[in-house]
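Participant: Quick one: the structure is below, questions incoming.
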Amino acid sequence: MAKFASIVALLFAALVVFAAFEAPTVVEAKLCERSSGTWSGVCGNNNACKNQCIRLEGAQHGSCNYVFPAHKCICYFPC
């Protein structure tokens with residue numbers, strides 16, 4: 001009986017240690033895309049688009065995406 005109790009205690013201790021090292025789950029907010037309101041013309045420079053979206057429009061990031069009929073600067077904001 002004592003051996004059974006020590007095995008149960010050992011399993012419980014292992015469970016506690018495992019739970020302590022478990023990484024917390026991070027939930028990322030969804031991002032919604034919107035055409036840049038400050039970009040003019042065809043977008044050919046991802047870095048410039050990203051910087052403009054972040055600095056001028058307060059977006060989290062931006063990139064040049066193909067939207068028929070040309071590439072546009074698209075900014076990404078939290079939904």
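All residue numbers here begin at 1 and follow the chain in the order shown.
Cβ coordinates come from backbone N, Cα and C, glycine included.
Not measured: the values here are computed from a predicted model.
Below, the features straight out of Swiss-Prot:
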type	residues	note
SIGNAL	1-29	signal peptide
DISULFID	Cys32-Cys79	disulfide bond
DISULFID	Cys43-Cys64	disulfide bond
DISULFID	Cys49-Cys73	disulfide bond
DISULFID	Cys53-Cys75	disulfide bond
Participant: Could you give the Cα-Cα distance between Cys49 (disulfide bond) and Cys64 (disulfide bond), in whole Å?
Facilitator: 7
Participant: On a C-alpha basis, identify the one among Cys32, Cys53, Cys73, Cys75, Cys79 that is nearest to Cys43 (disulfide bond); the candidates are the disulfide-bonded residues.
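Facilitator: Nearest in space to Cys43 (disulfide bond), counting only the disulfide-bonded residues, is Cys73.
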Participant: When the Cα of Cys32 (disulfide bond) is compared with the Cα of each of the disulfide-bonded residues Cys53, Cys64, Cys73, Cys75, which one is closest?
Facilitator: Cys75
Participant: Out of Cys53, Cys64, Cys79, the disulfide-bonded residues in the record, which is closest to Cys73 (disulfide bond) when you go by Cα distance?
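Facilitator: Ranked by Cα distance from Cys73 (disulfide bond), first place goes to Cys64.
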Participant: Would you find the one among the disulfide-bonded residues Cys43, Cys79 whose Cβ has the most company, meaning other Cβ atoms within 10 Å?
Facilitator: Cys43
Participant: Just name the winner among Cys64, Cys75 (the disulfide-bonded residues) by count of other CB atoms within 10 A of its CB.
Facilitator: Cys75
Participant: Using a Cβ-Cβ cut-off under 8 angstroms and a sequence gap of six or more, which residues of the chain neighbour Cys53 (disulfide bond)?
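Facilitator: Expected: Ser36, Ala59, His61, Gly62, Cys73, Cys75, Tyr76.
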Participant: Among all protein chains shown, how many Cβ atoms are found within 10 Å of the Cβ of Cys73 (disulfide bond), not counting that one?
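Facilitator: Result for Cys73 (disulfide bond): 27 other Cβ atoms within 10 Å.
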